[in-house]
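S.K.: Pasting a structure here, questions to come.
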Amino acid sequence: MSDLLPLPPAAIRLPDLVRQHPPLVHCLTNQVVSQFTANVLLAAGAAPAMVIAREEAGDFARMASAVLVNVGTLTPVQADAMRVAVAAALEAGTPWTLDPVAVGALAFRTQFCRELLSQRPTAIRGNPAEILALAGEASRGRGVDSLDDSTVALAAARRLADATGAVVAVTGATDFITDGERVIALAGGHPLLQQVTGTGCSLSALVAAMTAMTDDPLSGAAVACALMKLAGERAADKAAGPGSFAVHLLDEIAALTPADLAQRWPA
């Protein structure tokens, strides 16, 4: 895979832009991770809003800087609110990110997420099994967990990006972020990231926040992945286990600088 690209220098500046000009991120996310997602966005300098009522979703999506759709605890009522928010985001030109949690494992959410693909998501962030399933390919998933390696899903991610116009981030031991042509690869992270509920979902929220700050969604999605990986590595050095890791992860997200990212992933 000689065509893999490093983290772009322009992307490294985006976390500082988020802190200087906090984007308002409208999160239609699942009830398990809502608080942690909000805290991750706050740590990164963004402004989270967890507006989920169908009656408010459209109005809020129009005023937001970015919209996140996460189907982790999807219900028919929530799906209706998501449809309204996505339609309003498209009308307003607001970037929106799809997190297809457990797609492929359950029929209702799989059908719903495939429906949303026609609404031109700016970015899609998922694990290998989710990306494979969303692309219509066989995957080995167990609920929200993936038994596939991210390398296996890269070709599917590229095809999904080509078909939808979205940037696709397939995350694992190595994260691959692609717009169908360009591919950025980021190795790293720490196993403790899989021991705390909500790290993947909050990463998708970071993708939404970062893509709101740039005309190049590939750079936005890539720096979000880099931020979570490096914060995870640093938090693990200080943590005694999953509980303290979650706290340190927030601290490290808040503390990371462009220089830290450039040192970890030199161009």
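Counting starts with 1 at the first residue shown.
Heads up, the Cβ atoms here are built off N, Cα and C, so glycines get one too.
Per Swiss-Prot, the features are:
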{"type": "BINDING", "residues": "Met50, Gly198", "note": "substrate binding site"}
{"type": "BINDING", "residues": "Arg125, Thr171", "note": "ATP binding site"}
S.K.: Measuring Cα to Cα, how many Å separate Gly198 (substrate binding site) from Arg125 (ATP binding site)?
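M.R.: Gly198 (substrate binding site) and Arg125 (ATP binding site) have their Cα atoms 13 Å apart.
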S.K.: Just to verify a number: CA distance, Met50 (substrate binding site) to Thr171 (ATP binding site), in angstrom, no decimals.
M.R.: 24
S.K.: Among all the protein chains here, how many other CB atoms are within 10 A of the CB of Arg125 (ATP binding site)?
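M.R.: For Arg125 (ATP binding site), the count of other Cβ atoms within 10 Å is 32.
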S.K.: Are there residues of the same chain, six or more positions away from Thr171 (ATP binding site), whose CB falls under 8 angstroms from its CB, and which are they?
M.R.: Arg125, Gly126, Asn127, Ser150, Gly200, Leu203, Cys225
S.K.: Fewest other Cβ atoms within 10 Å: which of the binding-site residues Met50, Gly198 wins that one? Let me know.
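M.R.: Sparsest of the binding-site residues Met50, Gly198 by Cβ contacts within 10 Å: Met50.
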